[in-house]
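J.: What follows is a structure written as structure tokens; I'll ask about it next.
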Ligand SMILES: Cc1cn([C@H]2C[C@H](O)[C@@H](COP(=O)(O)OP(=O)(O)OP(=O)(O)O)O2)c(=O)[nH]c1=O
């Protein structure tokens, strides 16, 4: 059975949504501080790191790892460390377009398949009071870029271009294709 190397409840929900059978074994891979300028390379390395970490414990089994960041200009935004961080990120995103990158890695023993998916997201201009209220909900704190498109921040988003599930943490069409390629599913 496929193993999902993730502690993210969103990734579980997304994988369940498409009817793929899996079990969960979160990785203990230490996430690196994002390097500037190359979000695609960064999420790919993180996804591979998470998947390989868990695959080492399960020889002969396919393991799926993923990593999501928000890229705004030259900056890569991960999860906020504290409230100030979240306020800064949401101010930066307000009224602008950014990209969400998710890297996915499917690993079994020495074999690795990977993919990086980008979705463009346009935020409307946010009022200071809205940002404060949103942060008070605690929703930003376990999410890249300090927001969840699937939650209360849905009303911040004017439009997106690309995969919606990619923003939430797992690009489902591309995950499915990777699983087919590895013959985990038909
Ligand atoms: C932008 C955005 C991110 N996110 C989430 C997806 C990811 O779970 C999280 C980014 O952190 P990640 O480090 O990618 O994942 P994680 O630490 O939550 O889980 P794991 O490493 O165990 O797999 O941000 C949303 O839920 N909604 C959004 O709109």
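Cβ from N, Cα, C; glycine included.
Caution: TrEMBL annotation is automatic and unverified by curators.
TrEMBL feature annotations, pasted as is:
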SITE      10  site 'Important for substrate specificity'
ACT_SITE  67  active site, proton acceptor
SITE      68  site 'Important for substrate specificity'
SITE      150  site 'Important for substrate specificity'
J.: Tell me the Cβ neighbour count for residue 68 (site 'Important for substrate specificity'), meaning other Cβ atoms within 10 Å of its Cβ, over all protein chains shown.
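T.: 29, counting other Cβ atoms within 10 Å of residue 68 (site 'Important for substrate specificity').
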J.: In the structure shown, with every protein chain counted, which of the recorded positions 10, 67, 150 has the densest set of Cβ atoms within 10 angstroms of its Cβ?
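T.: Compared across 10, 67, 150, the most Cβ atoms within 10 Å surround 67.
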J.: Hey, does DSSP put residue 10 (site 'Important for substrate specificity') in a helix, a strand, or just coil?
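T.: DSSP call for residue 10 (site 'Important for substrate specificity'): helix.
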J.: I'm trying to understand the geometry here, so how far is the Cα atom of the residue listed as 'active site, proton acceptor' from the Cα atom of residue 150 (site 'Important for substrate specificity'), in Å to the nearest whole number?
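T.: Per the Cα atoms, the residue listed as 'active site, proton acceptor' and residue 150 (site 'Important for substrate specificity') stand 17 Å apart.
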J.: Could you tell me which three-state DSSP class residue 68 (site 'Important for substrate specificity') falls into?
T.: strand
J.: Report, in whole Å, the straight Cα-to-Cα distance of residue 10 (site 'Important for substrate specificity') from residue 150 (site 'Important for substrate specificity').
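T.: Their Cα atoms are separated by 9 Å.
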J.: Can you see whether DSSP assigns residue 150 (site 'Important for substrate specificity') to helix, strand or coil?
T.: coil
J.: Could you measure between residue 68 (site 'Important for substrate specificity') and residue 10 (site 'Important for substrate specificity') for me? Cα positions, answer in whole angstrom.
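T.: Each residue's Cα considered, residue 68 (site 'Important for substrate specificity') and residue 10 (site 'Important for substrate specificity') end up 12 Å apart.
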